[in-house]
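Over in TrEMBL, the protein carries these features:
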type     : residues                                                            : note
ACT_SITE : ASP36                                                               : active site, proton acceptor
ACT_SITE : ASP181                                                              : active site, proton donor
BINDING  : SER9, HIS76, GLY152, PHE153, GLY154, GLY155, GLY183, GLY203, SER204 : substrate binding site
BINDING  : HIS34, ASP36, HIS76, ASP181                                         : divalent metal cation binding site
Amino acid sequence: MVKPVIAPSILSADFSNLGCECHKMFKLRADWVHIDVMDGHFVPNLTMGPPIISSLRKAVPRGEKDGQTTHFFDCHMMVANPEQWVPEVAKAGGDQYTFHYEATKDPVKLVELIKSHGLKAACAIKPGTSVDVLYPLADKLDMALVMTVEPGFGGQKFMADMMPKVEALRAKFPNLDIQVDGGLGKETIGVAADAGANVIVAGSSVFGAKDPGEVIQFLRDTVQDSLKKKGLLDE
């Protein structure tokens, strides 16, 4: 059984005011914030790294409510050598470390490394990567991420043809957190939720909205309704 998780991507936030932007998202009932780390090698863009995560963690301390971590930092590592940054992200205050399958030669060993540092472990696949590669890993993962855009830049168009990957994962692993990232908003959440995604990354559709809280609630309600219909909702 799984729950809806809404994770606004701070790649679309005001970089001059990131701490306040994170606090705002949590006050609007976002479950996580999604932190995109790009190294300029695995993807062409260059963004925030462990020093930013560390500064954010000081501004947005981790807490606990009902046995769950609050102010959860979901770190999406779009980097060429994901093994290198595990200790740094753990030290900086990340909660979940999402590596790309395409970036490592030994994903099982990497999952073990991530967990040994007290982080949750997740694996992402790019649009051109078959979902089959996740099957041997799924039982070891806390989450799988199906990219619905090419990783590297925000504001791209949602790729609906990635949904069969989500459907296949949900059919094989009904209790796995399955995240989708890229182009998610009111217009696209329905197809993602119907496919079985329960963890939703949304950037410009939240941060660019007149009422971000209303968008977050809409995304949550849509996912919740779909999970309930499938008998997968953890209530």
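Glycine is no exception: its Cβ is also placed from the backbone N, Cα and C atoms.
Annotated pair GLY152 (substrate binding site) and ASP36 (active site, proton acceptor), C-alpha to C-alpha distance, rounded: 9 Å. Counting other Cβ atoms within 10 Å of each Cβ, the lowest count among the binding-site residues GLY154, GLY183 belongs to GLY154. A simple way to gauge crowding: the CB of HIS34 (divalent metal cation binding site) has 28 other CB atoms within 10 angstroms, across all the protein chains here. Note on SER204 (substrate binding site): other Cβ atoms within 10 Å of its Cβ, all shown chains, come to 17. Residues SER9, HIS76, GLY152, PHE153, GLY154, GLY155, GLY183, GLY203, SER204 make up the record's substrate site, and a Cβ search at 8 Å around their centroid adds LEU11, SER12, ASP36, VAL149, GLN156, ASP181, GLY182 from the same chain. If you compare Cα positions, HIS34 (divalent metal cation binding site) sits closest to SER9 out of the recorded positions SER9, GLY154, ASP181, GLY183, SER204.
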